[in-house]
Amino acid sequence: MADFNVGLRDAGSVSIVELKGYLDAHTAPELENIFNKLIRENKFKIVVNFNQLNYISSAGLGVFMAYVETMRENNGDIKFANLKENVYNIFDLLGFPLLYEFYKDENEAIQKFNEPGKS
Amino acid sequence: MNLKNVIKFTRSRSLENAAVVSVLLLIYNFIFPIHSNPIVSLVNEVLVFLTIFFIYNYISPYTELRKDAPLSLVLNAGILGALVFFVISLANSAIGDGNSIKSDTGAVNTLFTTVLNYIFIIVLAYIFSTFRTLYYLRQKKDQSLYFNTMLFFFVMTFFSEFANFSSSLDFIHDAFFIVTIVLISLNSLKVSWIAFLTKKQKLYLLLISIILSILFGFNFGLLNESNVIKMILFKLSVGLYTVFSLVMIYGMIYFGVIFFTTLFHLPTAEAFDRRSEEISSLMDLTKLITQVFDFKELADSIINFTTKICNSNAAWLVTISEDGIEVTAVNNIGYVEARLAAELFLKDSVKGVYSITTADEIDERFNFRTVAVAPLNVHNKLSGYLFTARLSEVDFDKDEKNTLQTYADYASVALENAKLIAESIEKERLEKELDVARDVQRKILPVNFPVSDNYELSALFIPAFEVGGDYYDFFELSDNRLGFIVADVSGKGISAAFIMAELKGIFESLAKIVNSPTELLIKANEILKDSLDKKNFVTAVYGILDYKNGIMKIARAGHTPIIYCSAGKISRLLPKGIGLGLDYSAKFENSLEELEINLKDGDVFVIYSDGIPEAKNSMNEDFGYDRFENIISSNCKKNLDGIANEIVKEITLFSKDHTQHDDITLVIIRWSS
């Protein structure tokens with residue numbers, strides 16, 4: 001279960017966070033560190049790529065809730081992309097899609113950031 | 001009776017035996033004051049021998065008891081030796097050669113000489129048993145053969161005196177006498193106990209032993225001359241006289257050997273003292289390690305020992321933590337000074353023990369001239385330093401540095417142990433608190449459910465190992481209505497349990513005043529805003545069953561779907577709604593949807609926490625909704641506890657090789673018209 005990885009790369013002004021494996025109470029601090037690092041670097045436009053994430057627990061969900069406010073206050077956001085069906089269902093059940101933007105593809109999310117007029 | 005039993009018997013009754021034999025001897029001597037006849041003489045010799053033997057048997061356990069204090073044994077033997085010396089000298093000057101005693105057959109004379117002989121026998125037995133005890137002291141191997149051989153020759157010499165009446169048999173006596181002396185000399189060499197004395201004791205022993213050797217020599221000399229005591233001894237028993245002389249020779253030789261041995265041991269006495277002190281304090285330290293688990297107490301003991309063993313004036317212990325170095329314990333030095341020294345003398349690069357001597361004053365706040373430092377290592381990790389310092393400029397020698405390092409090694413293990421134990425106590429305390437939290441959680445959940453003809457209720461809660469935040473409850477409301485809640489706080493542990501307890505308060509009070517499930521969830525969300533962390537949320541299903549009219553109103557906030565079984569058909573009810581605590585704006589209110597269902601007879605609602613669909617098997621697969629719904633649909637008609645049992649059974653089977661990670665909560669409601 002401890003098998004978890006966070007990758008980070010840039011796509012212009014947008015930072016892509018790539019998740020891999022299981023995101024739960026034990027691995028959540030790793031993701032928190034990444035978000036803290038991005039905030040220190042004043043990078044608030046974030047797309048999280050869930051392509052390789054197999055499982056997310058409530059503690060994992062909590063990480064996004066804890067950071068999204070900071071990003072939005074700084075003209076940024078956390079957008080979700082490439083979710084597997086089972087992971088999306090968890091978000092969906094909780095009503096996340098009403099509060100966050102979900103995209104089938106990472107590029108869509110990046111584009112959304114780059115659209116003029118929008119944040 | 002074999003020999004062993006005889007010895008055992010005579011040992012256990014030695015005092016009675018001694019008394020009986022000595023009285024017999026006294027009576028015998030009254031009857032035969034002069035032993036002219038060989039037969040009379042032989043019987044007398046045997047009686048004397050038995051008296052000596054039994055008194056010796058009686059006395060030897062007492063000297064045996066004092067074997068831990070050899071010096072006092074030596075001193076006691078010496079006092080008796082001195083007593084003999086004074087008695088002989090006094091009698092000599094007072095009575096003269098005492099030839100008259102020998103031929104005097106008067107009763108008073110006999111009584112006087114016999115009683116005096118008893119005193120000599122007691123002295124003889126005591127001194128001899130002292131030698132025996134000293135002989136066996138600190139012997140690594142069984143050396144009893146040599147001693148018993150000597151004993152045998154003592155006895156032979158005793159009886160050979162008797163054969164002396166014919167001068168042609170003189171050589172027998174002389175041979176035994178000489179062999180006994182040779183054996184005495186050999187046995188006198190067993191003085192290894194001297195090595196274990198301290199230097200002070202050795203000096204003391206040196207002084208006494210030379211005096212005693214001379215004293216016993218004098219005694220022997222005096223006994224050889226014709227004088228009154230010799231007469232008195234002779235009168236009772238020739239053997240007694242000879243053996244007494246032999247013991248005096250033994251004393252002379254033995255104390256002489258002790259004198260020289262001690263003399264040769266003196267130069268190494270100090271080193272020996274130090275070693276033995278090192279060993280004994282290491283032993284004390286080992287004891288401390290196993291008995292004292294208080295860090296501070298241990299540290300204090302360690303530095304106290306260090307000062308003593310390294311001949312230093314001060315010692316202190318420095319530990320390294322994330323916050324830097326810290327002086328943990330000091331002896332004869334102030335904390336400020338100790339800290340200063342740690343800053344002045346610590347070298348990062350040095351792995352082992354080292355010392356520094358400075359002729360000049362480094363810092364006016366630092367009073368010491370020589371400092372030795374040993375690192376404390378635990379599992380190859382540096383955990384601190386043990387310091388010791390001298391006021392003088394005498395550097396620590398190699399032995400002292402080694403000792404310091406040994407101490408540091410012990411100290412690091414002991415301190416690590418103390419730390420681990422403190423941690424495990426803390427962990428135990430936390431676990432106890434978790435137990436309390438689990439207990440509280442159990443008590444918050446209802447035990448007695450409302451009862452009505454129009455509905456059946458069943459609820460089940462299986463906690464995971466950790467405390468979780470599952471909560472369910474039923475509320476009897478006005479107008480034939482039943483409120484019910486199933487909620488799940490995100491996360492685990494104490495914080496989830498606290499929120500869960502808060503939920504109980506919120507829902508119980510809101511249920512009484514709010515009539516719509518959506519409205520109730522909205523109000524609950526507002527209240528939770530103040531107590532929920534940013535990253536925490538609560539999912540919930542709240543429903544109101546109007547059981548007279550057969551209407552179910554139900555709302556959901558991010559919770560798992562409600563499984564609804566109506567007329568044999570299974571469906572998932574998923575009224576829209578985001579979890580409590582995810583958003584506190586109008587978005588939450590707007591997201592909520594309220595389902596209103598007109599019930600048919602026998603309709604079943606199953607509400608549960610995500611512990612059920614997310615139960616894992618050994619392949620890490622989810623139990624899932626399909627399995628879950630199948631069980632419900634095939635058991636829909638059973639009584640509710642039967643359905644619940646069936647579900648639990650299947651989950652247990654499914655995840656039998658997998659530990660339960662999440663609480664499982666299951667609430668089943670059936671309505672009947």
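Just so it is clear, glycine is given a Cβ too, placed from its N, Cα and C backbone atoms.
Some features that TrEMBL has for this protein:
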DOMAIN    B:452-671  domain 'PPM-type phosphatase'
TRANSMEM  B:14-32  transmembrane segment
TRANSMEM  B:38-59  transmembrane segment
TRANSMEM  B:71-95  transmembrane segment
TRANSMEM  B:115-137  transmembrane segment
TRANSMEM  B:144-163  transmembrane segment
TRANSMEM  B:175-196  transmembrane segment
TRANSMEM  B:203-223  transmembrane segment
TRANSMEM  B:243-266  transmembrane segment
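Listed by sequence, the residues of this chain that lie at least six past the ends of the transmembrane segment (B:203-223) yet keep a Cβ under 8 A from its Cβ atoms are 71, 74-75, 77-78, 81-82, 84-85, 88-89, 92, 194, 197, 229-230, 233, 241, 244-245, 248-256, 258-259, 262-263, 266. Per-residue pLDDT, averaged across the domain 'PPM-type phosphatase' (B:452-671), gives 90. Here the transmembrane segment (B:243-266) has long-range neighbours at 52, 74, 77, 81, 84, 120, 124, 127-128, 131, 134, 154, 157-158, 177, 180-181, 184-185, 188-189, 191, 194-195, 199, 202-203, 205-206, 208-210, 212-217, 219-220, 223-224, 233, 272, meaning same-chain residues at least 6 beyond its ends whose C-beta is under 8 angstroms from one of its own. If you count C-beta pairs under 8 angstroms between the transmembrane segment (B:115-137) and each of B:14-32, B:71-95, B:144-163, B:175-196, the highest count goes to B:71-95.
Sequence-distant contacts of the transmembrane segment (B:71-95) (same chain, at least 6 residues past either end, Cβ-Cβ under 8 Å): 63, 101, 120, 123, 126-127, 130-131, 133-134, 197, 201, 204-205, 208-209, 211-212, 215-216, 218-219, 222-223, 227-229, 232, 248, 251, 255, 258.
Panel annotation: around the transmembrane segment (B:144-163), residues 38, 41-42, 45, 49, 132, 135-136, 169, 172-173, 176-177, 179-180, 183-184, 186-187, 238-243, 246 of the same chain, lying at least six beyond its termini, place a Cβ under 8 Å from a Cβ of the stretch. Tertiary proximity for the transmembrane segment (B:175-196) is limited to same-chain residues at least six positions away from its ends with a CB under 8 Å from its CB atoms, namely 70, 134-135, 137-139, 143, 146-147, 149-150, 153-154, 156-157, 160, 202, 205, 242, 246, 249-250, 253-254, 256-258, 261-262, 265, 272, 276.
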